[in-house]
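As recorded in TrEMBL, the features of this protein are as follows:
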ACT_SITE  D144  active site, proton donor/acceptor
BINDING   N9, E379  Mg(2+) binding site
BINDING   K16, H203, L204, G205, N206, G207, D277, M278, R279, G325, V326, G327, E328, N329  ATP binding site
BINDING   R87  substrate binding site
SITE      H175  site 'Transition state stabilizer'
SITE      R236  site 'Transition state stabilizer'
Amino acid sequence: MTARVLVLNCGSSSIKYRLLDMGDGEVLASGLVERIGEESSLLVHRGTSRIERPGSCATHAEGMRAVLDAFAEAGPSLEGITAVGHRVVHGGSRYSTPVLIDDGVEQAIEELSPLAPLHNPANLTGIRVAREAFPGPPHVAVFDTAFHQTMPPASYLYAVPREWTDEGVRRYGFHGTSHAYVSRAAAGLAGRSLAETNTIVLHLGNGASASAVRGGVCVDTSMGLTPLEGLVMGTRSGDLDPALIPYLVRTRKMSVDEIDDALNTRSGLLGLCGANDMREVWRRVDAGDADAAEAVEVATQRVKKYVGAYYALLGRLDCIAFTAGVGENDHRTRALSLAGLHPLGIELDPAANAVRSAEPRTISTPGSAVRVMVVPTNEELEIAGQTLAVALGQRT
Ligand code: ADP
């Protein structure tokens with residue numbers, strides 16, 4: 001039997017999971033428990049058969065129990081799985097590679113929680129519950145920040161007092177497993193060796209980030225100390241003048257928590273036009289909503305500015321790869337983000353761009369110096385692959 005890896009992604013009120021056959025990457029089971037801790041939770045399991053079941057999981061431990069029950073009831077068996085991979089959002093400067101989890105790693109993830117107060121505690125709870133539920137296989141933490149740890153100081157330093165930097169205030173970047181997977185897949189699709197390919201990855205989902213990858217190595221990315229920096233997102237502002245924060249404190253008498261919440265959950269597309277789902281934003285644009293049209297302009301112009309900046313940084317650009325919910329599905333966002341860039345050798349083929357497909361594909365003209373593509377991301381497969389490598393390394 002080939003290796004099977006269970007990938008777990010525990011959020012503040014959810015557990016998402018996927019069981020993968022590492023021989024061919026086949027998804028053997030997937031599912032989620034959502035609304036953990038709320039009045040009624042919901043489990044959806046797609047295994048040998050499908051279960052959709054409302055419940056009342058008050059804690060992640062109960063949620064994990066429900067997942068195990070679902071595997072027992074609707075298959076496949078988890079007997080003999082090779083390893084469990086955990087998505088962990090923040091690995092700080094400490095983790096540039098995935099790591100076998102022991103009590104010390106758990107403690108480190110806890111110590112890094114101030115940098116990701118919403119995510120790391122939930123990830124850690126998931127790890128603790130899963131290690132108890134599956135004491136047999138090795139558990140591996142795969143960090144969202146790790147791929148970006150290769151950034152040089154010129155990219156990761158903020159121009160702030162050094163003592164802040166010494167305390168960990170710097171740019172880290174997120175969506176690392178996606179940027180790693182997509183930059184590798186882009187080189188493959190272009191038929192080039194990874195070491196000789198320079199790529200800009202545009203991960204445009206509800207959360208969005210760009211990265212500049214030189215020969216498989218990340219040299220810059222748009223998210224920073226937290227996932228708030230960079231592109232305009234569904235509900236996050238992305239880049240803004242930091243002086244806005246004292247301004248809001250002084251004039252609107254807002255508290256730090258109120259500002260934090262507003263910039264993370266009430267800004268971005270939602271703040272600009274009242275909708276954060278790009279499909280709804282386009283519906284409003286098509287119905288003549290001026291705010292929605294402006295929201296699209298702000299968001300796509302921001303993407304274009306990052307493309308220009310990263311092109312300059314890389315010096316030579318071979319590929320631009322769009323990925324995640326918006327990047328993979330929204331041809332209008334892709335077209336606007338790269339509109340007018342043909343003097344830079346970036347030329348979309350409108351017909352190829354309009355094709356709907358779940359496959360990796362090229363969407364630039366044959367004459368475009370830079371190959372533009374859509375590469376569906378697969379963070380779970382990337383996490384599973386990294387997990388397996390650590391687990392096998394551990395055993396030999
Ligand atoms: P995240 O993982 O950050 O939550 P996803 O990568 O799943 O986000 O992307 C979700 C977003 O993708 C949705 O909010 C929606 O705006 C967008 N999306 C999905 N399908 C389409 C589509 N066909 N056209 C435009 N946007 C889409």
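Just so you know, glycine gets a Cβ as well, placed from its N, Cα and C.
Since we're looking at a predicted model, the values are computed, not measured.
Recorded features from TrEMBL, shown on the structure.
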residue	record	CB count, 10 Å
K16	ATP binding site	19
R87	substrate binding site	22
D144	active site, proton donor/acceptor	26
L204	ATP binding site	28
N206	ATP binding site	16
R236	site 'Transition state stabilizer'	26
R279	ATP binding site	11
V326	ATP binding site	27
E328	ATP binding site	20
E379	Mg(2+) binding site	24
In sequence order, those binding-site residues of K16, R87, L204, D277, E379 whose CB lies under 6 Å from ligand 1: D277
Pairwise CA distance, E379 (Mg(2+) binding site) versus L204 (ATP binding site), rounded so that it is a whole Å: 14
Cβ-Cβ distance under 8 Å to N9 (Mg(2+) binding site), same chain, at least six residues away: I15, K16, Y17, H86, R87, G126, E380
Whole-number Å value of the largest CA-CA distance among K16, H203, L204, G205, N206, G207, D277, M278, R279, G325, V326, G327, E328, N329, listed as ATP-binding: 24
Integer Å distance between the CA atoms belonging to E328 (ATP binding site) and R236 (site 'Transition state stabilizer'): 20
Around the Cβ of D277 (ATP binding site), the count of other Cβ atoms that are within 10 Å: 14
C-beta crowding around H175 (site 'Transition state stabilizer'), within 10 angstroms: 29
Binding-site residues near the residue listed as 'active site, proton donor/acceptor' (Cα-Cα within 10 Å), from L204, N206, D277, R279, V326, E328: none
Length of the line joining the Cα atoms of N206 (ATP binding site) and H175 (site 'Transition state stabilizer'), in Å: 12
Cα distance (Å, whole number) from H175 (site 'Transition state stabilizer') to V326 (ATP binding site): 15
